[in-house]
Every structure is written in structure tokens, then in C-alpha cells.
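Taken from TrEMBL, the feature domain 'Cadherin' covers 1-33, 34-151, 152-265, 266-373, 389-483.
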Amino acid sequence: MQVEITDVSGKSIEGPVLLDIIVIDQNDNRPIFREGPYIGHIMEGSPTGSTVMRMMAFDADDPGTDNALLRYNILKQTPDKPSPNMFFIDPEKGDIVTVVSPALLDRETMENPKYELIIEAKDMGGLDVGLTGTATATIVIDDKNDHPPEFTKKEFQATVKEGVTGVIVNLTVEDRDDPATGAWRAVYTIINGNPGQSFEIQTNPKTNEGMLSVVKPLDYEISAFHTLLIKVENEDPLVPDIAYGPSSTATVQITVLDVNEGPVFHPDPMTVTKQENIPIGSVVLTVNATDPDTLQHQTIRYSVYKDPAGWLEINPTNGTIVTTAVLDRESPYVHNNIYTALFLAIDSGNPPATGTGTLRITLEDVNDNAPDIYPTLAKVCDDTKDLRVVVLGASDKDLHPNTDPFKFELSKQSGPDKVWKITKINNTHAQVSLLQNLKKANYNIPILVTDSGKPPLTNNTELKVQVCSCKKSKMDCSAADALHINMTLILLFSLISLFCL
């Protein structure tokens, strides 16, 4: 600022001159820890003098004076074991370091692996006249994997029924490391006795137990006893100076209990090929089922389980299957030419056990179905100029070569009644035509259709033709009530029918 001297009249005597005012700092601000919470971590077994964390306080006084010159001190340590002076703080830098030997910095022997330190920061270079501020520093002793897991006993026992899967025994271990870390979590391995991979072991994440399971059913007749050698390790590796010992391995003795198992068909499914229409009582197959319980010397009896069409029976003693009805490939119970039946094999155990076998019979076709024609009714106008009456089609339930090409025939006509003609269109269809217009009436035309089987089969079917009056594009068949049929055709039709029988 500037000052000036004047007399009573206001006349300047001296100045103006620059005047500097220096404000001397007063120690009126305490040190403040303003970056908390302060949490540090140190690994157990760390060497003496290992740095844990740094504590820094702030003082608002003049940093160029002792008013802001801070010194640090530990006021209190909780807990105070195994030593009341586990840590030291650098008075000037605020670095907290360990001051005990690595052996005392052992997490597993501590009452609580967490320490709380009351840290004091004092200004005036730590003199008694200085102002103070405090903060709490939390120091966590972190675990390292310095304790291997150990089985609670050297040998475990388990019992399991053959054919059953699932957990059979829980293996217990002890580990002094922190349960929240990979230094505690166990990993189990079967190192011997599991060549067929029938067993599997997983870790229970809550209890750290090893859950030993059967994943492939065991067979009593192959082996009634199994001995497994199992080792346990941690997820994290052990520290270099620690190794897994004998207690980190154990044996499991497993006893397999015999269960009465059902007989097994060989092969399954069983397949055979037969012609349809073979004589009743024909042998289809002799089945073979064996009992897995070879040490029990049981007998086996057979029975029919599912025979949808009721065509088969089985000898209960020797397993021979014979027909009790005619096998029909065209039956609705046959799918893709295959008839399927199921049979049971029942042993003499107490209680008895049952096995199921599948028989698949492939049926070969024989010419046992005469062809059918369609349609069997046709209508035509009495004054039509187009004498074509109807296109007939034929179908046959049999398979080639017992089906088409079909042969279509019209019974021979004589005299003035030769008014119909049938002409082949292709292998499955023919055209029926008039040779002349007819008067209004109903006519029954005998049609013969023959398949290509060896020997062939012929079907005799009457085609009903209604000759109707047609006026103004309307067909009236109501008066076509007189049935006109040539007697010669009737006689010929009858003779042909008898001949074909």
C-alpha cells in the first residue's frame, strides 16, 4: 500500500511512499487427514521393514514455518498381540512399516488378522506446543498359501449298488488358510484306481469337501471292490518353502453291492426278413437273452410284451417265435414294410428282473391283392357328341412288380348291344367310351382289371353309367331308373368270375 504525510492544512510534507505490511502466521490450524479411510495390506511372513502404506496429513498454516511442519506418531495399536509394537511410522514421511520378524507376522496364529492404528500428526515439528490431528489406519494381514490341505483321515469307506450313479462319499480336509482365497479352496484329483473313468470328484464350494461320485454304473460281476488314491491341492500354488505332504493324499475303499439285473437280448433290436402270408405256425426267429448276474445261475423265461396285430407267440422256455396268424404287409400295423414287436425275458431272481427286446420283421411282398378301379360311377348325356364316358384308374396295395402295368378289359359284346369300348391310356388308366348314343337309363358295365403279378390277379368290378337328359346345361338323371344290361354280358361276367376263382 502507499502512505503520505500532510500538515494540518492538507499540504503534502513527504510521500507518497510504498509501505509493505507482513502478516505473521499464527499456528491456528490443526493437521487434518482428509484422504481416508486408510486401509493397507501386508502379506503374512513379510520381511521386517516391509512398507505397508503411507499416511499424509494436511496443515493449512504457512508451509514455510514450523506451524505446518508435521511429525507422525503411532498412539495406539489394536490388538496388541503378538506384540504391542507390530508397526512403526516414519515421523517425517508417514510411511508405516513392519518391525516384527516374519515368524510373528503369521496370519494363522493371530487372534485377528486385522490391526487398527491410531496415527497422530503434530505440527511445530512435533514439539509439545504443536497442534495435533488423528486418523485410524486399518492394516489387513493377507493370507498366503503356506498351509497345504490335509485329509482328516487316511482312508474313507463307501458302498454303492451296481448300476447306480451319484455321490457316494464326501471327503473331508482341513486347511488353515483363509477360506475366502484360493489358498484354502481345494482341488481333488483321482490319481489311481479309475482306469474306466467310472468315478469323478468335485469340490463343494461351501464346505471344501470332495464329493466323490459314480458317473458310469459299476458292474458287480466285473469287480466287487474298487480302491481309489486321491490327492488334494489348493487352487493357488504353495509358497516355495512349503510342500504337499503325505496327509494330502488318501485312499477310498469302495464296495459294490450286487443287484438283480434284467436279462439282455442279443442282438437288440433283432431283425429278420419273411414273406407275408407264410403259413401259420412258421418259425420267425429264436431269440437269445442272457442274464448279467452270472454268479447267481438264474433261469430265464420269455413272454410277449407288445404284439400290435396279434400275429406272434413265443416259447417261454427256448425263445422260439412262431406265427399265430397270417402276416400281412398291407396291414396298418406295418410301417415301411416293417412289423415291430416287443418281448420280455424274465429271470428267476427274488424279486425277478425283466429285460425287453425288440423284434423287427421286414415283410416281403407277395401278389395277394387284386387291383381296384375308380371311379365306379359315371354320368353322360343321352345326346352327347363326345362319346367318351369316363377315365378309369386302377390301384393296387401290393408293391412292384405285383402292381402296374394294369390290363383293362371289357366283357365281350355281341349283336346290337356292342355299344361300349375301353381303351388303355397308360399303365394305370383307361378310357371308357360309347360307340353310339343310348337312351336315358342306368347301365352296369363289367370291367376286368388285371395286375402284373406272377401269377396275376384280376378284379371284376361293375361300372355304373347313368345316361341322363341334358337341357340348357342341366343334367337330369331322375328318369334313368331302367337298368339296361346285356344278358350276354352278365353270362360272360359270371363265367369269367368263376374261371378266375
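Every residue gets a Cβ built from N, Cα and C, even glycine.
Unlike curated records, TrEMBL annotations are generated automatically.
So that I understand the layout, could you describe where these features sit and how close they are to other parts?
In the domain 'Cadherin' (1-33), the DSSP tally of helix, strand and coil residues is 0 helix, 13 strand, 20 coil.
The DSSP breakdown of the domain 'Cadherin' (152-265), given as helix, strand and coil counts, is 3 helix, 53 strand, 58 coil.
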Under the DSSP assignment, what numbers of helix, strand and coil residues are found in the domain 'Cadherin' (34-151)?
9 helix, 48 strand, 61 coil
Mean pLDDT, the domain 'Cadherin' (152-265)?
95
Using a Cβ cut-off of under 8 Å, list the residues of the same chain at least 6 residues beyond the domain 'Cadherin' (1-33) that approach it.
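55-62, 65-67, 70, 119, 121-124, 130-135.
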